[in-house]
Amino acid sequence: MYSKCGELSNAVKLFDHMSVKDTISWNTIISGILRNGEFDTGLGLFKRMCESGFYQFDKATLTTILSACDGPEFCYVSKMIHGLVILSGYLHEINVGNAMITSYFKCGCFSSGRQVFNEMLERNVITWTAVISGLAQNEFYEESLKHFVEMRCGSVDPNSLTYLSLLMACSGLQALKEGHQIHGILLKLGIQSDFCIESALMDMYSKCGSVEDAWKIFESAAHLDEVTLTVILVGFAQNGFEEEAIQIFVKIVQAGIEVDPEMVSAVLGAFGVGTSMALGKQIHSFVIKKSFSNNTFVSNGLINMYSKCGDLKDSIQVFSQMPQRNSVSWNSLIAAFARHGDGSKALQMYEEMRLEGIQPTDVTFLSLLHACSHVGLVERGMELLESMAKDHELSPRSEHYSCVVDMLGRAGLLNEAKKYIEGLPENPGIDVWQALLGACSIHGDSEMGKYAADQLFLAAPESPAPYVLLANIYSSERRWKDRARTIKRMKEMGVPKETGLSWIEIEKKVHSFVVGDRMHPQAENIYGVLAELFRHLTDEGYVPDKRFILYYLDQDGKEQPLLELAPHRAVRGMIGGRIDGNNPCSLLYGFGYAGGKTVPGFHLPKRSFNKGAERTGEEYATLSCISAYAVLGVDPDCSAAELKAAFRDKVKQFHPDVNRDGADSDTMIRRVIQAYEMLSNQSRSEIIESECLDPFEKPECEAFDLFVNEVLCVGQGCPYSCVTRAPHAFTYASTGTARLSSQGHGEDYQVHLAVGQCPRSCIYYVTPSQRIILEELLDR
């Protein structure tokens, strides 16, 4: 009782004062001390017991000590106890044999554990589970599954712990087929809803890349705990569904579920290119409030989060404030410097890491080789690769080889890179050939590129990378027929190309774009600024380096440079509505890339962008600052009041409700609004607030039903369902705007319902006559 309650001192006093002791007394005190982590003291008591000569240890004494041997440093103790087992005649006791198997595998003595198992005359479910679990935990996954097959052929039935170990083995092997089979057995046995089994199944499916199956188990789980939530977060993050992982974490916090450091560490791993750093900073604040800052894993996650989101300064600050650092901490910071192109600083951090006595890992050298590659330090990179094996006894992996090939290739040493690949001790992986092909793309070497692409076709026939890179090498050399043959081969093989995205975060929102994107509500302004910037560049004598311009075939089969089709990579001033007043055309901009994926059956709300109706002809013409002044009919030197007055006049002139016969009225009113938005340093929402407070006092605000309904209501990212809840009460003009069709007859309920469903009151921005009908309905 005292030992189980943690009162060891009282337990020892009571033991010492016992006038009569027996084997059970000694076993009890030894067990209590070992359970509280005092191994040396417990082993010392066992020696006293043996040396006394009065008390004979039994099999319970031996299993108690064996159960406390956990780690390579205890291997000698396990072997010593094994000797006592043989001497005392307990070798064929099944419980003792089970304890020895477990102990040997925990201590890393795999051969001894296997030997004990093989020599056992009798085996029960614990025996089989001990060896299956021990093999799985030590990454002997295939052997673990083979023992399960042998177990099933015998008379012993597995238990839930056996299946947990098997699921671990399937996770390690990424054996989805075997995992499905085990899941089927669990369903037949009716234990698939066991708390630990559910978490293990989710982990197995996630590590096998089947996120949909993991999500189905998560959705059907009767109870959710920190382990379950952490597993699904890690599963989404590791399978490329970073945005969904972040959304799950946000919902967890909003629901008031207790969050632990492991969950925070998991969600921080989901941050990267295309995710919101503003949200990352909020999570950092959450970490501070929860006092998780001292958790090494959380701090490591923060270093990586800031680094991947582009904030190297904050990565350094988090690292400098860590009370304790492990190899992952140093690796994270070295990777951060390498990711940001500061190779010399990455190498300096490596030297500091060694001075601190931290042993580098293979991940450390991966980041160092990456840094050397991007700054052209070929000799230093080769020295590090040699040191990795010679000084630290670390075997290079395929990722290290690809970094070396990339390093040689970027330096223009393509022949050396090819010779290096040919001399590798193993078959080159996909990433090795892709690194060589990427280097050929940089230097425009089609002969070497063809060689690398052919190897990559064989290694990864489903990958679009060799087709796209080789096609662009041919494009840079103007070899259009060869390029066409490459694209044709890609189509014949049915290889899809994943769409690339460029993105930028502005005011806590991430805006994403694809090539030729016209879906953003400010796309025309963005293209206008791009055109203006490019015109200034060419006026200054800039000539694009065509080696770095990628090409694609349009729908008519004509060659088009992507430069002419890609929207600016996100222009901050146009999206954020924050243009410098002294120079409206001086805009801040930045870019990055991200891949987009969706999870089948996953129904959390996604980021979306306003998709306007299709437009043709005049509407595709982009506005520059100069043309914006021309649209409003004012001089560039006009005052803010003159600009505003001109805008109102143009609204009245071109409003379609006034010019019902004007064929171009919708187009012109859009151009007027865009011009005013560009030149007034206001976003559309700000224009609505400042110019459209009351449609009766300011009749020119009738114009805003054109885009208020479009931007806020008609499938353009509005979270409310006022229009869709009463679809028969509205008509949709060819411009894509919603207008009330009810005249107070028959559709009163639908209109009333729509009004009640609109918390933003955007439904009120309609023509005065329609407003009167609405007021009458509301009064009734």
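Glycine is no exception: its Cβ is also placed from the backbone N, Cα and C atoms.
Remember, TrEMBL labels are computer predictions, not curated facts.
Here the structure is a predicted model, which means the values were calculated and not measured.
The domain 'J' annotation in TrEMBL covers 627-697. Mean pLDDT across the domain 'J' (627-697) comes to 68 in this model.
Long-range contacts of the repeat 'PPR' (22-56) within its own chain (CB-CB distance under 8 A, at least 6 residues past either end) are made by residues 2-4, 6, 8, 11-12, 15, 64-65, 67-68, 74, 77. Residues or ranges marked as repeat 'PPR' by TrEMBL: 22-56 (among others).
Packing against the repeat 'PPR' (124-158) from elsewhere in the chain are residues 94, 97-98, 101-102, 104-106, 108, 110, 113-114, 117, 164-166, 168-170, 172-173, 175, 178: each is 6 or more residues past its ends and has a CB under 8 Å from a CB in it. The repeat 'PPR' annotation in TrEMBL covers 124-158 (among others).
Per TrEMBL, the feature repeat 'PPR' maps to 225-259 (among others).
Sequence-distant neighbours of the repeat 'PPR' (295-325) (same chain, 6+ residues past either end, Cβ-Cβ under 8 Å): 261-262, 264-265, 268-269, 271-273, 275, 277, 280, 283-284, 287, 332-333, 335-337, 339-340, 342, 356, 358, 592. Under the heading repeat 'PPR', TrEMBL lists 295-325 (among others).
Same-chain neighbours of the repeat 'PPR' (326-360): 296-297, 299-300, 303-304, 306-308, 312, 315-316, 319, 367-368, 370-372, 374-375, 377, 380, 392, 394, counting only residues six or more beyond its ends whose CB sits under 8 Å from a CB of the stretch. Annotated repeat 'PPR' per TrEMBL: 326-360 (among others), in sequence order.
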